[in-house]
Amino acid sequence: MTYIRKTHPLMKIVNNAFIDLPAPSNISSWWNFGSLLGICLILQILTGLFLAMHYASDTTTAFSSVTHICRDVNYGWIIRYMHANGASMFFICLFMHVGRGLYYGSYTFLETWNIGVILLFTVMATAFVGYVLPWGQMSFWGATVITNLLSAIPYIGTNLVEWIWGGFSVDKATLTRFFAFHFILPFIITALAMIHLLFLHDTGSNNPTGIPSDADKIPFHPYYTIKDIMGVLLLIFFLMLLVLFAPDLLGDPDNYTPANPLNTPPHIKPEWYFLFAYAILRSIPNKLGGVLALVLSILVLILMPLLHTSKQRSMMFRPFSQCLFWALVADLLTLTWIGGQPVEYPFVVIGQLASILYFLIILVLMPIISTIENNLLKW
């Protein structure tokens, strides 16, 4: 008897992607984050849909509609906080997923990696426009400051900013279009994630050793479905811990004040997951230079396959590269901390040093150390 999952046109696709998929027998828990990102995306789309049913994208009613969701809608508070903190969990999983790719050399799957970088940009754009929607002080000023960065583009900058704003300042038109973007982008992310998976299943998964595992494959189900369920339970546990015990831990108190164009908050800063890029932006005194550094801080990931000089794919057997990798992680944590600090001594200097170190490790030190390790192998 042939199973329906192997013959039905739709079931066959699901079967080949999640059930009978040949997977390496030695992939660790670092390979759980792909499925966790899928769960996060589904969770965000569902909670977002229910929030959109009650949200009003107008400058006069946006803030009060969010308040109304929290106070009057049945379980509105939990939906709102699951959505807000779900974004934080999404980015934690994203950073882990990208970090895993860097550590184990998964960037050698060019198509998968490049689609992944595009996905990262799209998720960041979605999170940014979403942060504007509650129309609190930090929403308004964050939108003003970040969109204003585009004015650094020569010749067309000012026109471009006014075009995005839909006027001469962040106003009703801006909020309405940001809501439209925030609604449509997750579906674009879903489509991109499917393409990401399509390219991954074309080559098969990488594994911690970086050695081809064609001779040693096991079916995805039940081995990795069980393993993924464990990850999902942990994700939901930590998410609900945040939502039920400290829902505002990662938010900004200023966002509980309605947006006021006449009153600037003392420290304008984005959500925690953008702080590393924000610190890089602030560390350069020139506006255009800062914007370029900001974009390059993420775009540099595209260059990873070109910067790979090692004869080994993974860092598993490369202790010097491992030291550099963890130095990079420490540097990113430092940048995240600096991004949330005021622009004054010593934070400015620390930010500048951390920014230089970030690009130095990725663009210079990693290729050099990899070459040294290649030569050490000859001894």
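Just so it is clear, glycine is given a Cβ too, placed from its N, Cα and C backbone atoms.
Among the features that Swiss-Prot reports, heme b b562 binding site is placed at HIS83, HIS182, with the record citing similarity to another entry. Cβ neighbour count for HIS182 (heme b b562 binding site): 22 (other Cβ atoms within 10 Å of its Cβ, all protein chains included).
Residues annotated as heme b b566 binding site in Swiss-Prot, with similarity to another entry given as evidence: HIS97, HIS196. Listed in sequence order, PHE33, GLY34, LEU37 are the same-chain residues at least 6 apart in sequence whose CB falls under 8 Å from the CB of HIS97 (heme b b566 binding site).
For the recorded site, HIS201 (ubiquinone binding site), the DSSP three-state label reads helix. For HIS201, the entry in Swiss-Prot reads ubiquinone binding site, with the evidence type similarity to another entry.
For the transmembrane segment (33-53), the list of distant contacts is 69, 79-80, 82-83, 86-87, 89-90, 93-94, 96-97, 100, 182-183, 186-187, 189-190, 193, 228, 231-232, 235: same-chain residues at least six beyond its ends, Cβ to Cβ under 8 Å. Feature annotation from Swiss-Prot assigns transmembrane segment to 33-53 (among others); the stated evidence is similarity to another entry.
What Swiss-Prot records for 77-98 (among others) is transmembrane segment, and it gives similarity to another entry as the kind of evidence.
As annotated by Swiss-Prot, transmembrane segment applies to 113-133 (among others), with the evidence given as similarity to another entry. Sequence-remote contacts of a segment are chain residues at least 6 beyond its ends whose Cβ falls under 8 Å from one of its Cβ atoms, and for the transmembrane segment (113-133) they are 55, 57, 62, 66, 87, 90-91, 94, 98, 101, 106-107, 139-140, 142-143, 146, 170, 174-175, 178-179, 181-182, 185-186, 188-189, 192-193, 195-196, 199, 270-271, 273-274, 298-299, 301-302, 304-305.
Residues annotated as transmembrane segment in Swiss-Prot: 178-198 (among others).
The transmembrane segment feature in Swiss-Prot is assigned to 226-246 (among others).
Residues or ranges marked as transmembrane segment by Swiss-Prot on the basis of similarity to another entry: 288-308 (among others).
As annotated by Swiss-Prot, transmembrane segment applies to 320-340 (among others). Nonlocal intrachain contacts for the transmembrane segment (320-340), taken as residues 6+ away from its ends with a CB within less than 8 angstroms of a stretch CB, comprise 99, 102-103, 269-270, 272, 274-280, 282, 310, 347, 350-351, 354-355, 357-358, 361-362, 365-366, 369-370, 372-373.
With a threshold of 8 Å between CB atoms, the same-chain residues lying at least 6 positions outside the transmembrane segment (347-367) that come near it are 279-280, 282-284, 293, 296-297, 300, 303-304, 307-309, 321, 324, 327-328, 331-332, 334-335, 338-339, 341. The annotation transmembrane segment is assigned in Swiss-Prot to 347-367 (among others).
For the transmembrane segment (77-98), same-chain residues at least 6 beyond its ends with a Cβ under 8 Å from one of its own Cβ atoms are 30, 33-34, 36-37, 40-41, 43-44, 47-48, 50-51, 66, 69-71, 116, 120, 123, 127, 130, 235, 238-239, 242-244, 247, 250-251, 271-273, 301. Same-chain residues lying 6 or more positions outside the transmembrane segment (288-308) and placing a CB less than 8 Å from one of its CB atoms are 98, 102, 105, 107-108, 110, 113-114, 117, 120-121, 124, 149-150, 152-154, 276-278, 280-282, 355, 358-359, 362-363, 366-367, 370. Using a Cβ-Cβ cut-off under 8 Å and counting only residues 6 or more beyond its ends in the same chain, the transmembrane segment (178-198) has close neighbours at 17, 37-38, 41, 44-45, 48, 52, 55, 57, 112, 115-116, 118-119, 122-123, 125-126, 129-130, 132-133, 143. Between the listed binding-site residues, namely HIS83, HIS196, HIS201, the fewest other CB atoms within 10 angstroms of a CB are found at HIS201.
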